[in-house]
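Per TrEMBL, these features apply:
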DOMAIN    43-181  domain 'Alpha-D-phosphohexomutase alpha/beta/alpha'
DOMAIN    210-315  domain 'Alpha-D-phosphohexomutase alpha/beta/alpha'
DOMAIN    325-446  domain 'Alpha-D-phosphohexomutase alpha/beta/alpha'
DOMAIN    508-550  domain 'Alpha-D-phosphohexomutase C-terminal'
Amino acid sequence: MNWKQSYERWKSQTNLDPELLDLLVSFKDDEKQLEDLFYKNLEFGTGGMRGEIGPGTNRMNIYTVRKASEGLAQYIRSFGEEAKKRGVAIAYDSRHKSPEFAMEAAKTLASHGIQTYVFEELRPTPELSFAVRELNAFSGIVVTASHNPPEYNGYKVYGEDGGQLPPAAADEVIAKVDEADDELSIQVKDEASLKEAGLIKMIGEEMDAKYTEKLVSISVNPELSKEVDVNVVFTPLHGTANKPVRRGLEALGYKNVTIVKEQELPDPDFSTVKSPNPEEHAAFELAIRDGEAAGADILIATDPDADRLGIAVKNEDGEFTVLTGNQTGAILLHYLLSEKKAKGILPDNGIVLKTIVTSEIGREVADSFGLTTEDTLTGFKFIGEKIREYEESGAYTFQFGYEESYGYLIGDFARDKDAIQAALLAVEVCAFYKKKGMTLYQGLLEIFAEYGYFKEGLKSLTLKGKEGAEQIQDILSSFRTNPPAEMAGKKVSTIEDYKTSERQIARSGEKEEIHLPKSNVLKYFLEDGSWFCLRPSGTEPKIKFYFAVKGTSLEDAEQRLAHLEKSVMESVEGIITDKAGK
């Protein structure tokens, strides 16, 4: 069926949602727009689906949500009555249409006799992960587009362990979604009758209380809140973390908390920021303003669905500086391990999990405490999968999981990155250093002095369209078939190709197997311990370049990083220019 037939089918559908019909009518003379709405189905991939809100098969709307939910329903039905009884927990964020999409998913599932538990108001993604485990549900859904622009929404599916669906299970759900009827012909029963039948149950405060109880349990030194007054400024960036972070801080005894007023309440347009992403320094603008006025010790910011945390602390010049995800991870990890060891509660078989593009400082910290560190592919679902594996085998005891993109997990009562856990621990670490007469930044410098001055960088190259996709492939194939012998004046010592699952030692030519799922990623280690990594995005027309160095001082690390970034990007430009000239 071509896009025009799809469009006509939607336009002529009796009882089409009036708002969507009005939008379709308004686009009737804009053929380019109509083609974009209908030329394909919004893809349901390993991470669920995400797209702009609007009418059409290539947009997030009640019909495409029904189709995704129909696929999930058929997947659950294939496991029998017990799976249907255990049911699905559903949460949503502060975005446009999130409550409607969550209820549409619940109605679709409940129409198949599948029990559903829907949060009565917006909730953080990690609380949904917790709820799946607490309810012993078979699956979970979060309606969110994380920190995408306001016109987007999305739909993420969770497994019975509370983790994002691992690839094998995700593939089965994808197959069921692809088999589902066309989105307009899926019939759902009305909300009232499904609630009356007990198939849609609303959940809320009771789950909040249980989650808060677990949050408090991650504290290693709960007495610190009574000994030190930590001045905190917090912004939920118009998202879901406002209440849970405040509840958690209050339960731990941290009372001196200022909320950034303009960003306190949910706002689907994220009106005060260009992007509601704590990875972007601009997202901290108002928090820094309030932090300076209040004389704050720490600023904390969470993204809309509360799975990413950014923190800012005063540097040596007394100015607020936003820490990188790698730096925050190093501080949290070092505190956890050193304090657990001091209390005699650090297990001998402890493990730290991180992604392949996350700094090696975590490994060095873990090594110094006799712990194992294991790398996973990029994406927290792989960390969640490992937690489950070691929980079942008993081989390791999980201590900490993190990725450079501001995602952290401390307590495994949730199985996705949890900005609320991380926020509470960051405030505790700040209190720990304040008690010693130090700032959190000075604590970071102390860690660098002990383990080395690690610094990381990230560059993205956006190459749109068919030509762009070809250029991305050219870059990867050039690095793969003609690997550089050196970069930034340093010899390449090891090459890791995650597509072939091979690690090659440059000097000997010896090859080892990488025991991870295959992924189109290349990583090059240099003789001085630096590395860089090439990774194409699975969802956008871009390729990402990750860089990491270890220096003898902050200045030395900065120089090494600048030199490495320049060398790699010049090589990339050379490949693009060379191909264009042929």
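Cβ atoms are placed via backbone N, Cα and C, with glycine included.
Long-range contacts of the domain 'Alpha-D-phosphohexomutase C-terminal' (508-550) within the same chain, counting only residues at least 6 positions beyond its ends with a Cβ under 8 Å from a Cβ of the stretch, are 45, 47, 50, 167, 356-357, 359-360, 375-378, 382, 404, 452-465, 468-469, 472, 475-476, 479-480, 483-484, 486-488, 490-502, 557, 560-561, 564-565, 568-569, 572.
Assigned with DSSP, the residues of the domain 'Alpha-D-phosphohexomutase alpha/beta/alpha' (325-446) fall into helix, strand and coil as follows: 64 helix, 21 strand, 37 coil. Assigned with DSSP, the residues of the domain 'Alpha-D-phosphohexomutase C-terminal' (508-550) fall into helix, strand and coil as follows: 0 helix, 23 strand, 20 coil. For the domain 'Alpha-D-phosphohexomutase alpha/beta/alpha' (210-315), the DSSP-based tally of helix, strand and coil residues reads 39 helix, 18 strand, 49 coil.
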